[in-house]
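J.: A single structure is presented below for examination.
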Amino acid sequence: LQESESENRLDGETASDSESKSEFGGSSPVPTSDDTPEVLNRALSNLSSRWKNWWVRGILTLAMITFFFIIIYLGPMVLMTIVMCVQIKCFHEIITIGYNVYHSYDLPWFRTLSWYFLLCVNYFFYGETVTDYFFTLVQREEPLRILSKYHRFISFALYLTGFEQLINKLMSSLRGALLQFGWTHVTLLIVVTQSHLIIHNLFEGMIWFIVPISCVICNDIMAYMFGFFFGRTPLIKLSPKKTWEGFIGGFFSTVLFGLLLSYVMSGYRCFTCPVEFNNDTNSFTVDCEPSELFQLQEYNIPVLLHSVLGWRTVRMYPFQIHSIALSTFASLIGPFGGFFASGFKRAFKIKDFANTIPGHGGIMDRFDCQYLMATFVNVYIASFIRGPNPSKLIQQFLTLRPEQQLHIFNTLKAHLVDRGVLASLEDA
């Protein structure tokens, strides 16, 4: 997991301690209390602090992975709810740090306005999602239809209300109000926007949600394991405990893990089919005819590898090729989200964002790389996977006036006749 590579093996002052002293004028980061459950403290009391930390992290990591499997089993609706809860908790952790750091400016209504902006942004994003994916349901109910029609205007009006209240605070503290504005909006950009993209990825199929998240988790775990046992060479000053051995070992392990997980999941429709809302049953469905991405294909192996592997061809799912890109990003670029989080925490002299999970820190400590991964997956799908969505085009077509619909119909008919498609259908 992030912030979890090899412990510094030197006795006495660690590298991070010495760097903190030089950067912050001789003061070390504020010490944090031991939040390890008492039952684990008693069971591991005979171990050194290094191995005790290893066991605590390992046990709680297994517990979190088990919880992850359970929420996957419960289905997409529960997954969306969990994403929403994680978003709120991450926002709370960052806003709490901002309040504690800038409390000296005596900012009135800092947290209240921050939560109000969170409400406004979520109303905008999730309102757009509801309109896109629950169009028929929205059109069926008059209040929802009105809210959908004027959704962006209502969202902008709500935001302006909060902005006006923020401007009023300029009268009491100009610098404080500007700090509040910047802190809150950067937090919204990092947390809310990315969690919204995670839900969009989920609607494309649970495999686009599970594989990227699992690759990040695998990379964190394997980087920690390789770094713990073999780590010798420091990787980056922002995170002194990270090593090149852990970084490289995590990369190869993650690519292999991504290929294997993708192979297993590509054979199940519940993972590969887009998550759609069934208006007849008012529930989510994940049943479809698998696309070519999830149908086994035969690929030729390069000649140079024939003697090494002993194969000339291999059967695999096309999605496995895409999984290489996902796992590569998760292991090479994803950790930079953790490096940024490390720099953020060191700048404010804190060890973790919170102490929600013993041995791991706060929820944001565990999801700093996941948010960066969510953006990449969304961009990757839009660039290389998803084409125009016929269902959304039909939804927009049905909202037009009759004369506009008739114009589009005649234009489309003439186009199909010119291409010979409509004529061939009529002949048939």
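Think of each number as a place in line: the chain as shown, counted from 1.
Cβ coordinates are placed from backbone N, Cα and C, and glycine is handled just like the others.
TrEMBL: automatically predicted annotations, no manual curation.
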J.: Taking 296-318, 319-341 as the choices, which stretch does TrEMBL tie to transmembrane segment?
T.: 319-341
J.: Would you please say which range out of 177-199, 361-383 has the annotation transmembrane segment in TrEMBL?
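T.: From TrEMBL, the annotated transmembrane segment range turns out to be 177-199.
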J.: Determine which recorded stretch among 54-74, 177-199, 205-231, 243-265, 319-341 has the most C-beta pairs below 8 angstroms with the transmembrane segment (113-135).
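T.: Result: 177-199.
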